[in-house]
Structure formats: structure tokens, C-alpha cells
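A short write-up of the structure that comes next.
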Amino acid sequence: MDLKQFEADNSGSCRLASGIPDVCRTEDCCLGVDEAGRGPVLGPMVYGICFCPVSKKEELKDLKVADSKTLTEAERENLFQKLDEANGYVGWALQILSPNMISTSMLQRTKYNLNALSHDTAIGLIQYALDSGVQLKEVYVDTVGPAEKYEAKLSQRFPGVEVTVRPKADSLFPVVSAASICAKVARDRVVKGWNFAEDLGEIETDYGSGYPNDPKTKEWLLKYLDPVFGYPQFVRFSWSTAQTLMDSKAVTVHWDDDEEDGEKAAQRQNNRSMLSYFSASAEGDRTQQTHRFFSERRLKSLNSL
């Protein structure tokens, strides 16, 4: 699994894939879909598919694949290696969705919620397998939202393919378990080797589980909250945990509008306006390190023109 493409730009979305086994282009195949990292406030969400000929289902089962959440990291890595080595009849593909991409999608003017993003990503991966020549006859999916509605949606989108959507599908169907392992291994590797675009100095990498209710995760979020610019792109800033911390700990910004003067309105609310922020930096408080937003754009504060 080569993550270089995503590591070069971890602000968007990236697809990784194995080769397509020749047998998958000539025999009827089954395919499983699952994700890793849907709930955490830190790091990407990764969707994975795994596919093999229907005639090889038992061989896939013999690899002892299981729901990735029930396995240790070492066990997942070992099983992923076995899946990768079984490339004569097993193929996989992944879609890595960065925290930045997830949050900007959810907060854009036309709302694009996590369920819709998840459905579209799964559909995109299934379509990728079909476009690559995989002879899909059976698709098994771990549900997102009501299983019956999701199954009907996928069946309509892929006529001629038998679609099964179930809760906990990763513990019911080995091909979904295999997809779950691929996705979880990718997410673990991405999180462990995350390349911070922001200049944060010697950064603490003990994030905890990344889930909002983890005390270690909350401590990390508090430590790396910039009062003006918020969080590094490693954080899903659309999550309520991150938003609550920003509301309580970050600088309040009053946006100027047509109805009242921004400076005066900010003073009435005992806040600093955006203009006063820039003028204050020009007046003498130069001990604070310049944020990369300014340095990358070569912006400096001036006393006079």
C-alpha cells in the first residue's frame, strides 16, 4: 500500500488500488464495502472495497478475516499482508477522505452530510471495480443509515448486481471483513505518519483514539487550538467537539455588515474587530510567532503607507 500520493497532498481525497486479478475479469465476483474512521474527530475516513470470484469465497474465509474492530493492529497488518499476497484472486481499492475534505463538504452552503458523502464514496468505489472490468454479481455493504433504503438505492444504481446491505456486515460476510481490514490498515498508517502542513514545532502525536469522548483526544485538541485560525487540517473542524472548543476558547470575530459599523459593534460586545487585530500586530506585540497564513502569502503589518 503506497500512501505517497495522499501524503503529497493530505487536504483532499485520494484513491489507492491493487491490481485487478485476471480471474476477476472472467468469473462472477463478489465485493464487500466498509469504512474506517467515520466517528473520530481526528484524521481521515477511509472507504474500502475488496473483491474476489464467487468461487473463491471459501478460500477468502480460510484467511481468517474478521471485523477489523475485533483485531489488534498487528493482526490487521498480518491479515492485510495475506490479502495482498493473494493477488491472484483478491483485489482491493480504497478512497481516503481527508478531515479537511469532510469538514468543508459538511459546512458548504449546500449541505452535504456524512451519510451522503459515505454513500457517494461507496458508489464510486463499486463503479471503479465495474469500470476496471471486474465481473460483479454480488455486493455486500455495511449499512450507513436505514439498511433497506440504502439497499434499494444501490440496487437501482447497479441493476443486474445482487446487493445486500446489513448492519454489522463486517461480522457477517468475509468479503466485507476483508474490506474493513484494508480500510482500517490504511487509516492507521495515515494517522501514524500524518504530515502536518502547519508549522507546529515538536508536535505531540499521542492523540488517543481520536474519538470525541477520549480525554487524550480532548487534551490534544485544546493544546493545538490556534485562537485565530482554529485547528490544523488533521482535525475535522465540523465536528461538534471541535466547534464547541473553538466557541469557548478561540477569539470571537465580528463580521462587518451593511447595518452597522464593525469597529463600533465589536466594541459594544467587548470584542476585537478584524481591523483592530491587524493594527495591534503593527503597534508592537511582535513576540507572537507569525501564523503561516501570513508568511505563505508574504503579508506583513505596516505602520504607514
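Yeah, the Cβs are placed from backbone N, Cα and C, and that goes for glycine too.
The domain 'RNase H type-2' annotation in TrEMBL covers 28-251. Residues or ranges marked as divalent metal cation binding site by TrEMBL: Asp34, Glu35, Asp142.
Comparing Cβ neighbour counts within 10 Å across the binding-site residues Asp34, Asp142, the minimum falls on Asp142.
In sequence order, Val33, Ala36, Tyr47, Gly48, Val141, Val144, Ala169, Asp170, Val176, Ala179, Ser180, Ala183 are the same-chain residues whose CB sits within 8 A of the CB centroid of Asp34, Glu35, Asp142, the residues recorded for divalent metal cation being left out. Looking just at the domain 'RNase H type-2' (28-251), the mean pLDDT is 91.
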